[in-house]
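The N-linked glycosylation site annotation in Swiss-Prot covers N51 and rests on sequence analysis. The topological domain 'Cytoplasmic' annotation in Swiss-Prot covers 1-15 and rests on sequence analysis. Look at Swiss-Prot and you will find 37-69 tagged as topological domain 'Extracellular'. Taken from Swiss-Prot, the feature transmembrane segment covers 16-36, and the record attributes it to sequence analysis.
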Amino acid sequence: MLLYIVIIVACIIFILVPNEYWAIHLFFIIMIFMVYMYEKLDVHQKYQFWNYTMSGLSGHNVQVLCKCY
């Protein structure tokens with residue numbers, strides 16, 4: 001469901017935003033890919049996915065507060 005919402009928002013943005021703002025288009029393409037990969041994971045893999053993503057973005061070892069048992 002989340003994937004469909006992101007795709008719909010991306011389509012609206014592609015229509016409204018001119019092509020010279022290519023970074024906005026690229027951002028939504030990356031978001032579609034991330035949401036697609038996230039929805040394919042199970043509960044424990046989702047925890048590790050966000051832990052790895054946040055530590056990669058920040059450059060530090062980030063512990064997510066959600067402990068999925």
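Note: Cβ is positioned from N, Cα and C throughout, glycine not excepted.
Here the structure is a predicted model, which means the values were calculated and not measured.
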Which residues of the same chain, at least 6 past either end of the topological domain 'Cytoplasmic' (1-15), have a Cβ under 8 Å from a Cβ in it?
24-25, 28-29, 31-32, 35-36, 38-39
If you draw a 10 Å sphere on the Cβ of N51 (N-linked glycosylation site), how many other Cβ atoms land inside?
15
Could you find out if DSSP has N51 (N-linked glycosylation site) as helix, strand or coil?
helix
Integer average pLDDT (0 to 100) for the topological domain 'Extracellular' (37-69):
70
From the DSSP assignment alone, can you count helix, strand and coil residues within the topological domain 'Cytoplasmic' (1-15)?
14 helix, 0 strand, 1 coil
